[in-house]
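**Q** Quick one: the structure is below, questions incoming.
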């Protein structure tokens, strides 16, 4: 069987990957601390602040029930399309909390704006944690009072922020890239959290991307939407879509190059670096899914369209049976084919190839004898890839997820109590 | 909060529930035995045989990849719409087995037809088990040779059959009802298997319904389709839809009443009894889902339409987070509201009521203080009901599922090996 081209193709990067955080781009500072929302001593409130009004754009959960902070952030962005800060708490989602929740989200915004001495519409807010319980506003207000003192533009503030947005996540998630625009270095960085209720169309995920690029609001918003569809919307942990998801991008404009447009000669490099940061964060969320021991990557080629490839990739990576088999290091490709079959997409049932990592297991829909020991060794690694070629067209897509484990059940059987 | 009417409403039954099996209706015999497909000594091949050509109808999986036996059964039904027998094996699904699989499924049919001395198109076949491995035809042929000797019209044969169709199921699933048509007793009975890869639109489920009713093929087919949509298509174990699902109904016509039509004065009683048998089997499959410790029943009222209610019910009962919370006896209604919100259906976000069993937890989308101890006691029971009223219209639906447990993961991490 011909090996899939996408498995071996390498693309020359137009950007540089560096160690960095949301405060690496010029103009950003961050901080985080424990204010009392979480029962442990882990950080539960944090903020990113920009020295200048940053061009900003966001995408939100598609869940019909949207938590109170989302409406407040929408209102802030609608005013001018610029932000000076985003304030985030974990431990409580402020979702399904009625009028009180709306008042609390507004109060978060105005109190932090007052603290910073900026207009309220320059502040965005986000919350993640338990649904349906009122926010402890005394904790929030204490946090707001103490946050500004910790704001730093070096690693420490960003580290505290990255910790403050986590819930059941085990590790913080950061990514950073530098790209050259008009001969000047432009930095893009991001911080995100997962880790349950993660499913395409935004999840229980919060993501914050900062950059010092000079870019117009509409152009940033369009790039953010397109990039989200190829990255954050291609991950799933459990098929549940949360009430609180938000991805927010802020551009300080301090890099001082010509304003970015799609017609700019360095646009593709910028878009690629932007996508790299988002993809790294998305994959980190999938890998750190609740209870996960492995990252699963599903690459579809030869589909009738990119949309079909995307639906098939998500069907496979969302299958509880595929996820359980990966946990058990079982090369059970029958579950992969079943998930392709119920994806609702057009499939030629006679021309499907499947590889588990480098191992061909199905060729032209016919089982290929393979070495079970070799498959077991591959499946015991911490990243498991499935390559599917449908031989129908040129549609392609990649999706990411994680295995389904005892710990997923343990964590979610007793999350609230 | 007004208690949901459907929680207390009782309907007078037009039929009688009795102990019985697929051989209780007149004209049917069954048998089952171990032929060697399963590594254990559990039965792995079985058959139901009718003394006369029975009017027959079937519904099949919606998975694009359909196992070889489905095509063979379709061909049998297409010939005359009547069957003398159905032959079922477990331990191997004969799916994704290419040309050899088709030949094997055809051979199963012709060998059993020969054994019974009937035309091949009077025999249906079904398989369930591992995907992608060739059928051991020597085992199958030995089984076919021995099955006729065990055929009995009393409980023993049906018991052996019910055992023979199981895979990871823990218990056999049977239901039986008697209804009076033209003053004569008519019996409807069924036997089914689950228990993973169970999701609306047919699942890894096989179901066999027998009756001695006199009914035309088109009428039986329409009733079967409609009943499936309200019963088997309203259950989910893990959201995976199998390649092998089939529900087959056979009517011997030996009860000797006037031919049933929708215009018959006893039609509603018959349809109700038929639905009862299917619903009992569907609920038994959900309750015996892989690793399950509880049956979850979700009842939606006040939706914009029955279709919307159905989609919302399935969204809730399919949520890994809701399922994990039920396993942990956690009254986490926030996950219920999240699942309503991502169902893709129109929802008024301000008018939702939720009850966990008898306990109101959300009224008009606002949390209701409830006794956590009382909720815990309720959730520790073996059946957990969620009542949701959307207060938007008159749409209603009920769906069934099971909790997500450590054992689900254990079973599916190492099913094939």
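Backbone N, Cα and C define each Cβ position, glycine as well.
As annotated in TrEMBL:
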- B:167, B:193, B:204, B:290, B:412, B:417: substrate binding site (BINDING)
- B:204: active site, nucleophile (ACT_SITE)
**Q** Using a 10 Å radius around its CB, how many other CB atoms surround residue B:167 (substrate binding site)?
**A** 23
**Q** Which secondary structure state does DSSP assign to residue B:167 (substrate binding site), in the simple three-class scheme?
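**A** Where residue B:167 (substrate binding site) sits, the three-state DSSP reduction gives coil.
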**Q** Name the binding-site residues, out of B:167, B:193, B:290, that lie close to chain A, meaning a Cβ-Cβ distance under 8 Å, keeping sequence order and answering 'none' if none do.
**A** none
**Q** Tell me the Cβ neighbour count for residue B:290 (substrate binding site), meaning other Cβ atoms within 10 Å of its Cβ, over all protein chains shown.
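**A** Excluding its own Cβ, residue B:290 (substrate binding site) sees 29 Cβ atoms within 10 Å.
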**Q** Relative to the Cβ position of residue B:412 (substrate binding site), how many further Cβ atoms are located within 10 Å?
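**A** For residue B:412 (substrate binding site), the 10 Å Cβ neighbour count is 28.
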**Q** Which state, by DSSP, holds residue B:412 (substrate binding site): helix, strand or coil?
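**A** DSSP call for residue B:412 (substrate binding site): helix.
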